[in-house]
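A.B. asks: Dropping a structure here in structure tokens format, bear with me for questions.
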């Protein structure tokens with residue numbers, strides 16, 4: 001009887017109609033562009049391995065979606081920020097080795113549930129703590145503070161740290177790492193100072209642990225210093241997604257689109273949006289788009305930003321609302337409800353590219369990207 005009831009439940013589930021969900025907003029991720037960017041760096045930096053960085057929902061591109069693209073690329077690691085992100089990748093059947101860059105609690109380490117995962121030790125206090133309480137053998141990368149004054153043990157603490165690690169069989173040190181604080185500055189002085197500190201630490205650790213497998217300090221901005229650094233890996237973040245470093249021939253991987261949900265004519269003198277911050281200088285045609293600052297359209301784009309509709313750039317007018325933006329479409333002919341509006345362009349130089357949006361908002365591309373909320377559908381194209 002129990003078997004019959006189970007079969008009835010299964011059949012009833014099969015018979016249920018599937019509701020098609022047609023999203024008003026979609027984040028399109030180009031697989032070809034993402035892989036192009038990775039391969040560009042690999043081919044231009046022979047001998048240097050790259051760790052794709054997928055923290056913060058893969059810089060807004062979609063953690064699981066991007067990991068799925070890269071899972072067949074034979075990268076030594078995919079880097080994330082947290083234990084949660086690592087667990088999510090494993091639950092999504094991602095097979096690549098994972099490097100957790102952020103702090104991981106002892107409780108999380110002792111769960112021992114994320115196979116093929118390495119963790120960064122971010123301070124001497126953490127090293128001492130886990131050396132006394134770690135229940136399982138785990139792989140680690142020891143972070144060195146070469147001048148950023150944020151995370152990592154100080155160079156003068158490395159000898160004691162290595163001695164402590166050697167005494168604990170549960171701490172398997174497979175790598176060391178650090179981080180540049182100012183690598184994108186045209187003034188190279190502080191970066192060179194960090195490189196000098198790093199190279200000295202590496203030489204010291206190499207003399208004690210000659211078989212250390214991984215050494216990495218550079219992110220995308222620091223790749224240009226590769227010939228001066230004693231390292232064999234680089235963490236590829238923003239460059240993976242096609243942002244910055246135009247000389248490398250990158251291609252932005254993300255495009256964000258939304259549907260037009262309304263079109264109307266307004267008269268000269270009409271005031272648009274919250275606070276009436278835009279007054280129509282003449283009779284105009286305006287459209288509403290189903291995306292506001294909750295969906296990642298930065299509020300600082302109010303009366304400043306641009307979108308593309310039917311291959312024409314149109315101005316955002318009035319304040320960006322929580323879920324709606326208003327667009328001047330006076331110059332767009334044959335516009336109709338549910339036409340596509342490109343909010344974020346994948347074309348370098350467009351006024352609504354990620355970098356252009358960041359410039360308009362007086363911020364950095366990272367902030368624009370990571371504020372694209374996770375609930376929006378990511379579609380691989």
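Keep in mind that glycine also has a Cβ here, set from the backbone N, Cα and C atoms.
What TrEMBL shows for this protein is this:
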type	residues	note
ACT_SITE	55	active site, proton acceptor
ACT_SITE	274	active site, proton acceptor
BINDING	150, 322	substrate binding site
DOMAIN	253-381	domain 'Alanine racemase C-terminal'
MOD_RES	55	N6-(pyridoxal phosphate)lysine
A.B. asks: For each of 55, 150, count the other CB atoms within 10 A of its CB; which of these recorded positions has the top count?
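C.D. replies: Selected residue: 55.
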A.B. asks: What is the separation, in Å, between the Cα atoms of residue 322 (substrate binding site) and residue 274 (active site, proton acceptor)?
C.D. replies: 11
A.B. asks: According to DSSP, which of helix, strand or coil covers residue 274 (active site, proton acceptor)?
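C.D. replies: DSSP call for residue 274 (active site, proton acceptor): helix.
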A.B. asks: Please state whether DSSP places residue 55 (active site, proton acceptor) in a helix, a strand or coil.
C.D. replies: helix
A.B. asks: Could you state the CA-to-CA distance between residue 55 (active site, proton acceptor) and residue 150 (substrate binding site) to the nearest Å?
C.D. replies: 18
A.B. asks: Name the secondary structure element type, per DSSP in three states, that contains residue 322 (substrate binding site).
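C.D. replies: DSSP call for residue 322 (substrate binding site): coil, neither helix nor strand.
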A.B. asks: To the nearest whole angstrom, state the Cα distance for the pair residue 150 (substrate binding site) and residue 274 (active site, proton acceptor).
C.D. replies: 41
A.B. asks: Determine the mean pLDDT over the domain 'Alanine racemase C-terminal' (253-381), rounding to the nearest whole number.
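C.D. replies: A mean pLDDT of 97 is what the model gives the domain 'Alanine racemase C-terminal' (253-381).
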A.B. asks: Count the Cβ atoms, other than its own, that fall within 10 Å of the Cβ of residue 274 (active site, proton acceptor), considering every protein chain shown.
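C.D. replies: I get 11 for this one.
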A.B. asks: Looking only at Cβ atoms, how many others are within 10 Å of the one on residue 322 (substrate binding site)?
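C.D. replies: Residue 322 (substrate binding site): 11 neighbouring Cβ atoms within 10 Å.
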